[in-house]
């Protein structure tokens, strides 16, 4: 065995160029595969660190409009489920309170002099049994006592360090929005790779009344822990038709709603597996291209090694013995390649993070066994597949044919053409997908939003600022660069909250539906430069109008009124008059179609506003921001000043498309480069096998261009065949990718033509260089060589 490995190593050392090309080519494939394997491992590991995670479940409510379901469920449902089904051991409702209100949390330090204030964006509320279900490790306090007191609060370790440093947090007092006092009852170490994270969590009854908790109007995300030996799939069949069984009066069409438990370990990928599948596809494709490239390079050496094989067969070596030698050579090459791939994966993870947005560094370090075992498994699979075809072909060489110098002793060019064609099929597919993803990215980046967000600041509103809003508005209005301002519960492009809306149409028929809504103040449409389709805007000079509502065009179409302005709808328990219709704007994450929406500026609703939006004129932005900060600090000095620009918020929404675009672009480049290396090997083999023919043709007067055309013809045919195969497959993949997006670009013929031209021209240029070199040789040397 050792002797055979030494022989294999000597051959590889003797053929350094061949060895280096194969090691580098396979290393690229290994690197991509290892990085993607670790990313998949990380994504699949979410929530598995929770003790007894197999008994922990989320609840989803499915409907015809939402077949996958929504995890935001009425507070009444978990209570009723626990009463009806003994399979449920614990349940806990949770709510991200900071989603609806800015949570400015303050700590007054020793003696009350040193003030620390932060805007906590993950301030949660939960039922007492939460930590019986999700048993995070407590660094201070205990899970049994953490949520017993109504004014208690549990902190994450990072939050405790932020407020208290190295001091114990237990028993210290924090103040929420300057009026609600909480005592720290626990500090938890939230593990990595969990879907439920918080900075602070307080008992749900501390900020929600009993009527809210028992009613149908308030919603949250419930967790459940089922009894041991309960099969959740069987249990799902029991609760599926729960709504139809209880028939609640205040739920529309209960027979169309169903419930289902989702295992905690599946929560991470439940709604969107496509990005993961795309990465797996890319990993398989790049690894397959690198293996095909190896096969092409290996079989290109057949003629060079045919004499060696013939001699070994004459000496008594059987086909299996010769085949094993090639498997060892492949194993050695792939071993060096996987070692290089592991090194590149360890050092290249920042590039992977930049391309995909996924940081796998910590996961690789904490899952070293998976990292090594996975790499060795890839090495074994690649060795098996990469060695099979060359070993079969090379060990099949017939000695008599070699010594007679019969042409058929070498590997036929047809099989090599099939391999190179398949490589270009993959390359063309990747280029088409890359161009289409880039087209979708540009489409979304340039898509009209229906509002202006280029110079609009978003500033969290504290209770003090809300109370003194008119004074704040007056002071900010004195800054020359401030154009308009308003208060609102969310920015226009943010995913809106939903609420029930009831109305009676022109025919007297009653309807009810769920619309998106935003609580706004006067100046909302002016601040974002929205266009009015009909009716009036919210203006402070019209206090009666402020008690009405605005709707968008999508809502007007759903309501069905011939002329909606002046009509009545029931919203938030009040009869509200529609005073105007806003032209549709992107209000439901820019991937999705515009949702029907209601905007209310009713004075009684202003407590639900969350942000101050200020539109600015171009100029000295830094100076303007400083003036705005000074003004806000004068009114609310005890709270931190934070801001962002809404265009940055919108840009963040399309980052996922941008990352997919970058990933496919990178994969396309690697695929084309590897395919070109294989093409070079094939061209070299073809020109070497036709050296005598080229010499004879030149002696008979053939020009270099004619010989180049002769040599290039077969390769052009290969690329044409690859294009014919790749185009429909790429179209199906792109069509499927765009299926889940409402606001999508069109699939155009131009993309496929450009992809074919890119791959074709690069390949033709590569082949032509080698063909020209072969055609330029002195025919005397060529004939002497033969």
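Note: Cβ is positioned from N, Cα and C throughout, glycine not excepted.
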Feature transmembrane segment in TrEMBL, mapped to one of the ranges 218-247, 368-397, 458-487: 368-397
For the transmembrane segment (276-295), distant same-chain residues with Cβ under 8 A (at least six beyond the ends): 22, 25-26, 28-30, 32-33, 35-37, 39-40, 43, 269, 330, 333, 356, 378, 382, 385-386, 389-390, 419, 422-423, 426-427, 429-430, 660, 663-664, 667, 670-671, 674-675, 677-678, 737
Top partner of the transmembrane segment (368-397) among 20-40, 664-684, 715-735, 747-767 - counted as Cβ pairs under 8 Å: 20-40
Contact set, same chain, for the transmembrane segment (20-40): CB under 8 Å, 6 or more residues outside the stretch: 276, 279-280, 282-284, 286-291, 293-294, 297-298, 333-334, 336-338, 340-342, 344-345, 348-349, 352, 356, 358, 360, 363-364, 367, 370-371, 374-375, 378-379, 382, 386, 667, 670, 674, 677
Cβ contacts under 8 Å made by the transmembrane segment (664-684) with residues that lie 6+ beyond its boundaries: 21, 25, 28-29, 32, 278, 282, 285-286, 289-290, 292-293, 296-297, 300, 355, 413, 416-417, 419-420, 423-424, 426-427, 430-431, 433-434, 437-438, 711, 715, 759, 762-763, 766-767, 770-771
Number of helical, extended and coil residues in the domain 'ABC3 transporter permease C-terminal' (666-779), per DSSP: 97 helix, 0 strand, 17 coil
PLDDT averaged over every residue in the domain 'ABC3 transporter permease C-terminal' (280-395): 81
